[in-house]
Structures are given as C-alpha cells and as structure tokens.
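A short worksheet on the structure shown next.
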Amino acid sequence: MNSDITKKIIQIIVLTLVISYGLDKLVFFSLNKVSDKVMTGQAIGKLNHFLSLKDSTNLLVFGNSRANRHIDVAMLSKNGFNMGIDGIGVAYNSTLINTLNKDLKQIVLVHIDTKNFFDNDYTGSDVNALKTKFHRNPIITKVLDSTSQLSTLQKFYYSMNYNGTSIGILKNYFRPNYNFKSYNGYDGLVVTSSQEKIRDIVLAKSISNKECTDNHQINTTALNYLKSIKSFSEKAPNKTFIFITSPIYHDTCEIDNKMLNEIMQELNLTYTDFTNLYKDNKDNSYWKDATHMSNKGAEAFSNHLLQKYKSFQLKQ
Amino acid sequence: MLFNSIEYLIFLPIVLIIYWTLKANYKNQNILLLISSYVFYGWWDYRFLSLIIFSSFLDYYVGQRIEEAKEQKHKKRWLLVSLCSNLGLLGIFKYYNFFADTFAISMSSIGWEVNDLTLNIILPVGISFYTFQTLSYSIDIYRNQIKASRDIVSFFTFVSLFPQLVAGPIERASNLIPQIQNKRNLNLTLLKTGVFQIFIGLFRKVAIADNLGVYVDSVYANYEIHNSSTLLVATIFYAFQIYFDFSGYSDIAIGSAKMFGFKFNRNFNFPYFSKTLTEFWRRWHMSLSFWLRDYLYISLGGNRKGVIITYRNLLLTMLIGGLWHGSSWNFVIWGGIHGLFLSLEKYTFSALKIRTFNTFGYLYTFIVVLISWVFFRAPDFHSASTIITELFSFNYGSLFIGDINAFVNGLLLLLIGILIDLKIFRSNVTLEDYGIRFSTIKLTFIVSVIIIMLCLFYSTAENFIYFQF
C-alpha cells in the first residue's frame with residue numbers, strides 16, 4: 001500500500017464522515033419538521049396527539065396494544081384519551097406518565113401485563129419508541145440518557161431516531177389515517193365474518209394444559225419503572241392512579257398473577273387483575289385472538305371497569 | 001462475530017491498520033490474519049476453534065502425504081483419510097441427530113421401538129463451509145491440480161481467513177493459497193470496489209433482508225391461519241430475503257477481503273435474472289454449486305456415462321447439496337425439486353435441440369425456485385406441505401399485512417434492491433467491479449446515502465440465514 005492509497009483512504013473516511021453527517025442532519029431536521037405536524041398513526045402521530053392534549057383531559061389510559069384495544073375511553077369519560085401503543089411495556093408508560101403535569105386533577109389508568117414483569121429478557125428497550133423526542137422533550141431525553149438505551153452511533157447519526165418510522169410519518173403527513181380531532185386513542189378490533197373461522201382456530205390453539213413453567217423471578221428493570229410511576233403518583237396527589245391487567249382468553253399460568261398482585265399490594269398501589277374475568281365465558285365473539293379482545297369484548301370490559309370504579313367517578 | 005455488528009465495525013479497522021503497518025513482511029501479515037481470524041471465530045464460541053485447528057492440521061499433513069505418495073493407491077488411501085475425517089466430523093456435528101431420529105422413526109414404523117438416540121450437540125458455525133474448503137484442497141492435490149502447501153501459517157490462514165470463514169464464499173486453494181503466499185497490495189481498484197461492495201452488502205442484509213424477514217417470520221409462524229395470497233407474498237418476500245441476506249453477506253465478505261488485498265471469487269450473479277434453473281445455479285451461491293459440480297457431479301461421472309447416469313448424477317448431486325444445507329428432510333426435498341427440474345430441463349433441451357428458454361423462462365425459473373423455497377423456510381415437512389397445498393388451493397382472499405410499517409418498509413426496500421440489481425445487471429459490469437466507476441467524491445456520497453438509509457431502515461435480525469448451515 002503506497003502513500004497515494006493511504007491518502008485516498010483518509011480522503012474516503014473523512015469525506016464519508018462529513019457528507020454522511022451533513023446528510024444525517026438534513027434528514028433528521030426535515031423529519032422533525034414533518035413529524036411535528038403529524039397527529040395520526042402509531043409511529044409518532046399518537047404520541048404527538050397525546051403530548052398536545054395530555055393537560056386537558058381528565059382520564060388517561062396507558063399500556064400496550066391490549067390497553068389500546070380493550071379500554072374504550074368514550075365509555076368511561078367524555079374527555080379521556082387512550083395512549084395504548086403496540087408492543088410497549090412499563091418503561092415507555094412510566095416515561096410518559098412522568099411528563100404529566102403533577103398539579104392537574106386526572107385519573108390515570110395504567111394497564112400492566114404480568115408477562116412484562118416476569119420476562120427475563122425485558123430491558124426497558126420499549127422506551128426507545130420515544131427516541132423521536134430525544135433532545136426535544138427534556139423528560140424523555142433524561143430517561144433515554146440515563147438508561148443508555150440509545151447506541152453510541154445514535155449520538156452521531158440522529159436520523160437513527162427515526163428508524164423504521166420515516167415512511168409511516170411521511171404517509172401520515174400527506175395522507176392522515178383519520179381526523180385526529182375526533183380520535184380518543186381507542187382502536188377497537190372488528191372481527192369480520194371471514195375472520196371468525198381463523199379466530200376460532202387461534203383461540204383453540206391457545207388452550208393447552210401444559211404445566212406452568214414460566215419464569216417467576218421479578219424483572220428488576222420492570223419493577224424499577226413501576227416504582228417510578230409510584231414515586232410520581234406520590235408527588236401528584238390530585239391524580240388518581242388505577243392499575244389493571246385486562247382479560248386474556250386462556251391463562252396458562254396463575255403463579256405470576258399472584259406474585260404481581262403481592263408486589264402491587266406491597267407498593268400500596270390500587271390494582272385489579274382481570275386476567276380471568278372471562279375465563280368461564282367461552283363466547284369467542286369477545287375475542288380477536290388469544291390476547292386481544294374484539295370491540296364487542298372491549299365494550300363489555302369497559303362497561304365492567306365503569307361499574308367497578310364507580311367510586312372514582314370516571315364518567316365526568 | 002457478525003459483519004453487521006458494532007464489534008465488527010471496530011474489529012475490521014483495527015486489524016486493517018495493523019495489517020498494513022506490517023506490509024513489509026507478508027508472513028507477519030499472515031500471522032496477524034490467522035490470529036484475528038481465530039478471534040473472529042472465537043467471539044462466537046472459542047471451544048469450536050479446536051475443530052478448525054484439527055481440520056487444518058489434518059489436511060495440511062494429508063495434503064503433503066498425498067503429494068509425496070509414489071503410488072496411486074497410496075494417494076487414494078491418504079485422500080480417504082481426509083474424506084472420512086472431514087465428513088466424519090461434519091456427520092457427527094451436523095447429521096448425527098438427523099440420522100438417529102430417522103432411524104428411530106423408521107424402526108417404530110415397523111413396530112420396533114428404539115430408545116431416544118439423539119444427543120445434545122451444538123452445530124459449530126461455518127463447519128459445512130470450511131469442511132468443503134479443506135476437502136477441495138486435498139482432492140485438488142490428489143488430482144495433481146495444485147501443490148501441497150509447506151507453509152503451515154499460510155495453510156491455516158487459508159482455512160480460517162475470517163471474511164469467508166463462517167459462510168463462505170467457499171474459496172478454492174488454487175485461488176486463495178497463492179494470494180496468501182505472496183505479497184498483497186491495496187490499489188485504488190480494490191479500495192473503491194471493496195468499499196462499495198461492503199456498503200451495498202450491508203444495505204442488502206441489514207435494510208432489505210431483515211425488513212422482509214419481519215413479515216416472513218410473522219406469516220410462517222402462523223402459516224395455518226393465512227390464505228393463499230398471504231402465503232404467496234410471504235414466500236416471495238422470503239425468496240428475496242434469503243437472496244439479499246446471503247448475497248449481502250457475501251458482498252461484505254468479498255469487500256472486506258479486498259481491503260486486505262485479496263480477491264475472492266464472486267458468489268452471486270443476480271440469480272433471479274435467470275431463464276433456466278441451470279442458469280440459476282450458475283448464478284446462485286456459485287462457490288457451492290461449482291464445488292458440487294467439480295467434486296461431486298464430475299466425480300460421480302458427470303454426463304460422461306450415458307443419459308440415465310447423467311440424470312441420476314444430477315439428482316444425487318442436488319439431493320446431497322440440499323442435505324449440505326441442513327439436517328432435515330425439507331432440505332433434501334428442496335434439493336430434490338432442483339435436481340428433478342434440472343434433469344427435466346436437460347431432457348427438454350436435448351429433445352427440442354435448444355440451449356435456453358425464451359423470456360417466459362424467467363417466470364418459470366422463479367416459480368420453481370419459489371416453490372422450493374417453501375421447503376427451505378418451513379420448519380418441517382408437515383408445515384411445508386400445508387403451505388404448498390394452501391398456495392395451490394387458490395384461496396386468494398385479502399392480504400394479511402401485520403405491522404404496516406414493517407410491511408411497507410420491506411416492500412419499499414425490496415423495490416430499491418431490485419432496481420439497484422437491475423441497474424447493475426444491465427450495465428454489463430459485475431457488482432464486484434461496479435465501485436470503480438465512481439470518483440472518490442461520488443463513492444463517498446453513495447456510501448453516505450447508504451449509511452443514512454441504514455440509519456432509517458436497519459432492522460435487527462439475530463443472524464445471517466446461512467450461519468445455520
């Protein structure tokens with residue numbers, strides 16, 4: 001290798017770093033501009049929508065896709081918002097709850113899943129779904145910084161914060177999915193007649209008499225995020241926190257539910273486990289699949305919540 | 001260590017800097033390459049280094065004995081030592097459980113219950129690749145095509161050179177050993193083409209293949225609930241996933257090797273632009289298909305012993321080629337489908353006195369390859385046959401989309417991948433040489449765009465598909 005080649009290598013490395021850095025910032029800031037105007041879609045629109053109305057609602061629902069699909073906020077409040085997002089866990093929810101105004105009077109319904117708390121592999125990486133707000137929202141930035149969830153490369157290439165979401169953002173910018181002004185965050189699942197057969201197969205497959213071999217060691221990361229919610233709730237006396245686990249079609253393991261119940265009692269958090277609420281009701285029309293209820297099931301469950309928490313005066 | 005990992009991003013430049021610092025003495029460079037190759041492999045599981053070292057020692061010694069043997073029968077005896085030992089190791093680690101299981105099932109079908117004979121064996125990464133590489137070395141010496149290596153470091157480096165160690169390309173000793181035993185140089189052509197190929201490879205693997213894999217995995221995990229349209233789209237996605245995954249891996253391997261001054265043989269040549277299955281196999285995983293042709297098909301007699309024997313040889317070569325991929329009947333069936341259609345093609349060409357098909361051939365080839373991929377991807381025979389049945393039941397209802405973002409990203413990236421392939425294919429310049437067309441500024445701009453595309457679309461699959469083989 002002669003000195004000419006050495007110079008070429010240095011030239012290629014330096015130019016690549018400079019050009020890619022410049023392109024990255026161009027893409028990142030362009031996407032920032034676009035994404036800030038996007039109010040629809042799960043990728044970022046729903047988060048933007050939440051951040052814009054979180055201080056003007058009286059009921060907020062947090063959780064994963066099950067919260068999103070099971071709790072019809074319109075049945076619980078005229079002014080509520082369901083912030084359930086697919087595939088997220090307690091880390092994401094805890095971070096968003098910490099962005100709430102402490103002084104405002106609100107009911108905060110937090111949907112938690114037992115699996116999340118007894119999953120050995122859970123690292124809180126779901127908080128990464130908030131990375132589009134890195135360096136743009138102080139609370140989210142602080143959490144992302146403190147948990148080291150972002151890679152070192154992400155600190156150089158900001159556009160990594162839009163990984164996997166850019167197409168969705170552009171699509172929702174040019175052609176929004178729905179009118180966000182009339183959207184309350186709840187996405188009921190409709191089961192069409194052609195899907196019923198498949199649904200029944202899926203439900204039948206989920207029933208097994210397998211011995212319960214799930215892990216029963218609490219995941220400390222998940223527990224710490226739960227404690228962070230508790231700590232926030234103590235600083236926000238005007239807020240009412242209700243924790244729930246919504247029904248599933250056939251729970252193969254009860255031990256984890258009991259253990260989570262004990263943990264919630266120890267933390268003195270208001271918690272009700274509805275996992276087996278419809279255990280004996282073998283009406284498949286309540287379900288889309290083994291873990292998600294149909295809109296019919298969600299209606300029944302939301303009504304059940306309304307009755308159960310009458311004393312909290314949900315319907316305001 | 002994976003090519004698409006932060007570890008490799010750090011490992012490669014460090015090794016390159018030390019390597020070119022040692023440019024005055026290529027033997028010192030070889031020692032460095034050997035050590036770094038063992039670090040690269042040991043990153044996965046250092047215990048299996050012993051297998052590579054054993055295999056290297058064996059063929060280094062056997063190669064010399066074959067060369068020194070005066071009589072043909074002695075040469076043959078030493079060759080058999082290499083064949084039995086290498087294939088024996090491969091047999092134990094890769095196929096023992098498969099044959100034990102098959103034996104137990106066969107016995108139980110005739111009413112004789114056999115205790116579970118399977119063992120808890122881990123399949124060492126890359127064993128199929130380096131076994132074929134060392135085997136070809138001994139066979140080439142036996143055929144008097146190459147001289148036995150007398151430089152132990154060079155030979156060990158040939159077996160374990162890290163860019164091609166775990167998933168090929170399966171390099172021939174005749175190509176690689178002379179390069180290892182001579183001074184290497186990095187010129188502008190190698191630099192530009194290497195950089196271009198590494199980044200194109202990363203894009204193919206990390207952006208295209210991994211994004212397609214999200215949809216494929218979600219459909220194949222619940223294949224029984226999906227209709228024909230969904231299974232068809234998932235299988236088409238898989239056809240491109242495996243292509244971009246493996247060709248992307250090969251691109252990174254070949255590009256990395258260029259940075260060290262090595263020229264590897266190309267492994268892919270736009271296989272889906274083939275009018276016949278015969279042409280497909282000249283373009284797909286070329287280092288394996290040429291290996292099978294030269295060391296198996298020709299050894300069996302090739303087409304020199306009559307029509308029937310030729311068809312038998314073709315079928316047998318493809319069945320064994322299928323089994324090489326994995327210890328499952330699905331891979332055997334996959335190889336069988338290819339062997340059958342290759343034979344049919346051969347028959348058609350000789351009967352109609354033609355050399356290839358017309359444009360319709362592209363569609364025919366893709367359909368045959370597509371159907372065979374079902375057996376490659378499905379976890380077992382039952383699921384593969386269920387999927388094939390559903391595909392041909394023509395129940396083409398509404399398409400399952402699943403994660404809309406993943407689906408749209410996969411589709412968009414697939415389109416970009418096909419357009420890039422089409423552009424290079426029509427330029428009459430190989431992907432391996434394509435980088436030379438660009439000025440330094442243009443090359444760095446292209447690399448920068450790829451980096452931003454990777455930032456926006458990278459997906460995190462655990463492994464390259466071919467690591468399992």
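Every residue number used here counts from 1 along the chain in the order it is shown.
Backbone N, Cα and C atoms are what each Cβ position is placed from, and that goes for glycine too.
Bear in mind that TrEMBL entries carry predicted annotations, made automatically and left uncurated.
Copied over from TrEMBL:
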TRANSMEM  B:7-26  transmembrane segment
TRANSMEM  B:46-62  transmembrane segment
TRANSMEM  B:78-97  transmembrane segment
TRANSMEM  B:117-139  transmembrane segment
TRANSMEM  B:331-349  transmembrane segment
TRANSMEM  B:361-379  transmembrane segment
TRANSMEM  B:399-422  transmembrane segment
TRANSMEM  B:443-461  transmembrane segment
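Taking pairs at least six residues apart, the transmembrane segment (B:331-349) and the transmembrane segment (B:117-139) share fewer than three Cβ pairs below 8 Å and do not count as touching. As a quick check, the transmembrane segment (B:46-62) and the transmembrane segment (B:117-139) clear the bar of 3 or more Cβ pairs under 8 A, pairs 6 or more apart, so the two touch.
When Cβ-Cβ distances under 8 Å to the transmembrane segment (B:117-139) are tallied for each of B:7-26, B:78-97, B:399-422, B:443-461, the top count falls to B:78-97. Beyond the transmembrane segment (B:443-461), the same-chain residues lying 6 or more positions past its ends with a Cβ under 8 Å from any Cβ of the stretch are 192, 195-196, 199-200, 202-203, 206-207, 209-211, 213-214, 406, 409, 413, 435. For the transmembrane segment (B:7-26), the residues of the chain that approach it from at least six positions outside its boundaries are 1, 32-33, 36, 39-40, 43, 182-184, 186, 256, 259-260, judged by C-beta separation under 8 angstroms.
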